[in-house]
Amino acid sequence: MPKNSKVTQREHSSEHVTESVADLLALEEPVDYKQSVLNVAGEAGGKQKAAEEELDAEDRPAWNSKLQYILAQIGFSVGLGNIWRFPYLCQKNGGGAYLVPYLVLLIIIGIPLFFLELAVGQRIRRGSIGVWHYVCPRLGGIGFSSCIVCLFVGLYYNVIIGWSIFYFFKSFQYPLPWSECPVIRNGTTTVLEAECEKSSATTYFWYREALDISDSISESGGLNWKMTLCLLVAWSIVGMAVVKGIQSSGKVMYFSSLFPYVVLACFLVRGLLLRGAIDGILHMFTPKLDKMLDPQVWREAATQVFFALGLGFGGVIAFSSYNKQDNNCHFDAALVSFINFFTSVLATLVVFAVLGFKANIMNEKCVVENAEKILGYLNTNVLSRDLIPPHVNFSHLTTKDYMEMYNVIMTVKEDRFSALGLNPCLLEDELDKGTGLAFIAFTEAMTHFPASPFWSVMFFLMLINLGLGSMIGTMAGITTPIIDTFKVPKEMFTVGCCVFAFFVGLLFVQRSGNYFVTMFDDYSATLPLTVIVILENIAVAWIYGTKKFMQELTEMLGFRPYRFYFYMWKFVSPLCMAVLTTASIIQLGVTPPGYSAWIKEEAAERYLYFPNWAMALLIALIAVATLPIPVVFILRHFHLLSDGSNTLSVSYKKGRMMKDISNLEENDETRFILSKVPSEAPSPMPAHRSYLGPGSTSPLEAGGNPNGRYGSGYLLASTPESEL
């Protein structure tokens with residue numbers, strides 16, 4: 001600004017400033033908006049409030065490098081679900097056929113909405129609360145719901161990390177403690193533990209040694225002290241990783257995001273060298289085409305897409321809010337989505353290669369056991385030796401020879417065959433048993449590895465790092481919006497969150513805790529998350545405006561995104577998600593929620609429905625997670641909660657001068673604030689006003705310049721509409 005301007009003279013003099021903002025702007029030289037800050041605050045808070053927001057905008061942390069940011073997004077999106085949930089769903093829902101609905105939904109829902117969250121976070125540079133209050137004040141409750149869902153997920157997700165920590169420390173033994181059933185001495189005789197003998201060594205170790213699980217959710221059984229200690233360790237690790245925000249978590253990501261790929265690569269090479277690995281991989285990629293028409297498969301694929309990319313949690317928005325505004329988030333969306341899908345496929349190859357090896361071993365064991373039964377029947381004349389093909393050699397019995405012998409016996413002894421208790425020992429049956437939990441199926445397979453403790457240590461260290469990366473993003477989805485909005489001390493609030501979550505998490509380390517994990521994982525987070533993602537899409541595409549959003553992306557990125565995104569955001573994605581949400585609600589109504597309980601006496605799982613009190617808790621959790629959305633909508637619709645549209649405060653960084661403007665007419669506001677010449681003024685602000693609550697940022701402040709700081713980018717020369 002020229003030194004002899006009227007504004008400068010008055011600033012350096014002691015004379016009281018009496019001109020209106022309109023007079024000041026009329027006398028002002030053209031402003032370099034990239035070097036000034038136009039701040040619009042929703043409270044008549046005066047100079048101190050505006051100055052605080054100005055400093056907050058300038059002092060916002062930023063990633064040290066683009067690599068650190070990409071690793072953070074990968075660490076958040078690539079988690080434990082990629083290692084066991086995706087392979088399990090692939091096996092359950094038709095092998096290679098499952099990849100079709102997953103890829104379709106990834107393209108039409110996953111990538112567009114992931115790009116949307118990256119863009120709004122980077123443009124507005126706030127957490128989920130500030131972002132959605134700005135985009136649409138009436139739907140500002142979306143941000144609060146995202147925080148609650150993050151809390152729900154973080155509570156049980158860290159319990160899974162605790163399980164991994166327990167197995168990690170137990171892996172430093174040879175043989176592995178879950179490789180054999182424990183022996184009970186009864187006087188001079190020794191017998192195997194009955195529960196273990198009926199099931200398997202790995203299953204027994206998981207349910208009895210690790211979880212010490214009760215028979216139902218109604219039987220608490222008290223705290224499992226081993227898992228309580230592991231949960232404390234898990235929250236301590238997470239707390240240390242996130243206490244300084246991205247300054248601490250960004251450094252952790254270098255190891256937690258890259259190390260799992262080293263382990264997966266080692267497991268893939270080792271797995272492919274195992275006998276029977278190809279059988280497992282071929283089984284995975286053999287499509288069952290009838291599954292592609294099953295609505296349940298599409299619903300599960302959509303849920304997996306949401307969880308895999310972290311949509312709706314707020315973590316994606318939080319991480320992108322620390323970016324420079326000229327960052328190419330379009331490229332980031334495609335890159336992270338591809339890496340996520342690649343990781344899922346890589347993990348599935350590893351899992352099925354290892355399980356193919358395990359299936360062959362178990363199939364050979366089955367052949368030996370049933371061959372011994374047949375020899376016993378031959379020795380007691382229950383079966384005639386004429387039924388045994390002459391070329392069969394019991395000392396070197398192959399699977400093919402056994403199947404031939406089995407078919408002959410079944411044909412001749414058709415009426416009495418079931419009494420013989422013979423098993424066909426089909427490799428397909430072993431592979432169809434599924435992947436189950438990583439703590440059962442994969443651990444059992446590793447007991448057959450040479451140097452099994454080494455592979456077990458590596459595997460569970462990988463799970464800990466995968467879980468840690470996801471937990472850092474989940475915590476960012478909680479802390480970033482709250483800190484941005486309410487200006488609470490970062491370190492104190494973060495530590496407080498971890499302590500609070502640990503004590504609430506004791507619910508999950510009871511002997512019945514695993515059943516509560518199922519409740520939170522399968523029900524309490526899934527439905528609210530779907531609602532959040534739908535409303536995010538509607539808020540941007542239908543309320544804020546897809547054309548306006550595309551134009552602002554063009555100005556931010558320097559190029560226009562593909563029209564594909566316009567149609568996905570506007571029509572395809574919301575329609576698909578509405579159908580999937582309806583299907584989920586119908587599914588809940590048709591099939592009452594339940595869980596798989598481990599019955600000690602039977603040494604087997606049994607599916608039980610949740611009791612009435614558990615159903616009430618489940619409904620309450622879903623209600624709590626979604627309640628902020630209608631509450632904020634009603635309060636704003638009936639003007640019971642101010643959106644900050646009645647007062648404005650304007651501050652200029654260069655002159656360090658501020659003037660309060662109250663209750664301006666809209667035409668005057670457009671004329672005096674946005675432009676001196678009406679014909680040059682951009683289009684008026686949307687009918688809704690940006691959220692201007694505690695610590696929030698108005699749309700005029702939120703305009704960005706290329707260096708990633710808040711500037712007065714609301715009035716750029718090429719901007720036809722309000723900036724996001």
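Just so you know, glycine gets a Cβ as well, placed from its N, Cα and C.
Automatic, uncurated: that is what TrEMBL annotation is.
According to TrEMBL:
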- GLY75, VAL78, ASN82, ASN340, LEU466, SER470: Na(+) binding site (BINDING)
- 679-724: region 'Disordered' (REGION)
- 69-87: transmembrane segment (TRANSMEM)
- 99-120: transmembrane segment (TRANSMEM)
- 141-169: transmembrane segment (TRANSMEM)
- 225-246: transmembrane segment (TRANSMEM)
- 258-278: transmembrane segment (TRANSMEM)
- 301-322: transmembrane segment (TRANSMEM)
- 334-355: transmembrane segment (TRANSMEM)
- 454-480: transmembrane segment (TRANSMEM)
- 492-511: transmembrane segment (TRANSMEM)
- 523-544: transmembrane segment (TRANSMEM)
- 564-590: transmembrane segment (TRANSMEM)
- 610-635: transmembrane segment (TRANSMEM)
Original post:
Are there three or more C-beta pairs under 8 angstroms joining the transmembrane segment (69-87) and the transmembrane segment (523-544), sequence spacing 6 or more?
Top reply: no
Original post:
Is the count of Cβ pairs under 8 Å between the transmembrane segment (301-322) and the transmembrane segment (258-278), pairs 6 or more apart in sequence, 3 or more?
Top reply: no
Original post:
In terms of Cβ proximity under 8 Å, which residues at least six beyond the ends of the transmembrane segment (564-590) contact it?
Top reply: 105, 108-109, 112-113, 115-116, 295-296, 298-299, 302, 523, 526-527, 530-531, 533-534, 537-538, 540-542, 546-547, 549-550
Original post:
Taking a Cβ cut-off under 8 Å, which residues six or more beyond the ends of the transmembrane segment (492-511) line up next to it in the same chain?
Top reply: 151, 154-156, 158-159, 162, 211-214, 219-224, 227-228, 231-232, 235-236, 238-239, 242-243, 245, 475, 478-479, 482-483, 517
Subject >> Under 8 Å by Cβ from VAL78 (Na(+) binding site), same chain, sequence gap 6 or more >> reply: SER257, PRO260, ALA308, ILE339, ASN340, THR343, LEU466, GLY469, SER470
Subject >> Closest-packing stretch to the transmembrane segment (225-246), where packing means Cβ pairs under 8 Å, from 99-120, 141-169, 610-635 >> reply: 141-169
Subject >> Stretch with greatest number of CB pairs under 8 Å, the transmembrane segment (69-87) reference, 99-120, 141-169, 454-480, 610-635 candidates >> reply: 454-480
Original post:
From the centroid of the CB atoms of GLY75, VAL78, ASN82, ASN340, LEU466, SER470, the recorded Na(+) site, which same-chain residues not already listed sit within 8 A by their CB, in sequence order?
Top reply: ILE74, PHE76, SER77, GLY79, LEU80, GLY81, SER257, PRO260, ALA308, THR343, GLY469
**OP:** Using a Cβ-Cβ cut-off of under 8 Å, list the residues of the same chain that are 6+ residues beyond the ends of the transmembrane segment (454-480) and lie near it.
**Re:** 72-80, 82-83, 127-128, 146-147, 150-151, 153-154, 157-158, 160-161, 164-165, 167-168, 171-172, 176, 237-238, 241-242, 245-246, 249, 252-253, 255-257, 259-260, 263-264, 266-267, 270, 310, 313-319, 321, 438, 442-443, 446, 490, 493-494, 497
